[in-house]
Amino acid sequence: MELQSSEIRNAQAHFFTQVFSFTSMSSLKCAVQLGIPDAIHSHGKPMALSDLTNSLPINPSKAPYIYRLMRILVAAGYFSEEEKNVYSLTPFTRLLLKNDPLNSISMVLGVNQIAELKAWNAMSEWFQNEDLTAFETAHGKNFWDFGAEDKYGKNFDGVMAADSILVSKMLIPEFNYLFEGLDSLVDVGGGTGTIAKAIAKSFPDLKCTVFDLPHVVANLESTENLEFVGGDMFEKIPSANAILLKWILHDWKDEECVKVLKMCRKAIPEKEKGGKVILIETVLMDSKKHENEEAVKAQISSDIDMMVFFTAKERTEEEWATLFREAGFSGYKIFPMIDFRSPIEVYP
């Protein structure tokens, strides 16, 4: 069927938008590095282009280009243009203020690293070779080995910590009942303890343990109801009333997930005694049936990310149910989404 001229025009416009989709995120990274969100916030009111330009640490010869940078940032919805050349923050860019508790700057900078982009650019080569991941094709080693030997690992920890701050701010106020009545909780793969610290603060009588690889928790200071323990979740998990895994299992293949879940099963008491596993994970939705388009896009993007960087994936409810059953659990309950992820209680 021959395309009409209007269809060709629309297709071409859409084509160029998609081909250059990286430009908006690269521009946002530039804005963060230049301190544009903080400059506008510190101004205390919508900020004129001239004032913004004068406040930034740029070479004077580059001043005329700030207008063009702001134009794409406004078009992408990152900033709002109150009137011509007068800018203000949006809820999105408030997440990029250095002193904000929900600061997610490390996430913007982390996903735009050369190491990450190199992996994405190796995807077509990966489809034609025997490597397990495109990341391995790009770097000659898997993600975990690369992260353990390179500063990239610290950047990854920063990205996960930023995500944990966002999750904890929504998880504890809205889903605090998940932790009520517990005497002890182990946060498996809890990194530097961002979520566990928030839980321990909200539930001072709850003994919280952060369990992660020894090099991750080394030199981290324990408190009265929070301690850090090093180890390997594939070998043994410390005992507790409940085990928390936030966005951990999506990094692993089904067989490895079952192994970790079996370790969790051994570490908790029976359901009658309050034993449970709490997951924060994506439950893939049918994009044609769900009205939350942004959440669906985030889930699909996360799934392809798992393909490129890990031998893993995001999962549907049916796929989760299969893993729980194979690991020896009797049931589960999926709660409403926090963002594009949901709390899941799994019962022995």
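A Cβ is built for glycine as well, from the same backbone N, Cα and C atoms used for every other residue.
Among the features that Swiss-Prot reports, N-acetylmethionine is placed at MET1, with the record citing experimental evidence.
Just so you know, the Cβ of GLY189 (S-adenosyl-L-methionine binding site) picks up 19 other Cβ atoms within 10 Å once every protein chain is counted. Positions annotated as S-adenosyl-L-methionine binding site by Swiss-Prot: GLY189, ASP212, ASP232, MET233, LYS246.
The DSSP secondary structure for HIS250 (active site, proton acceptor) is helix. The annotation active site, proton acceptor is assigned in Swiss-Prot to HIS250 on the grounds of similarity to another entry.
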Inset, instruction - Which residue among the recorded positions LYS246, HIS250 has the fewest other Cβ atoms within 10 Å of its Cβ, if you could check? - result: HIS250
Inset, instruction - Provide the number of Cβ atoms within 10 Å of the Cβ of MET233 (S-adenosyl-L-methionine binding site), excluding the reference atom itself. - result: 22
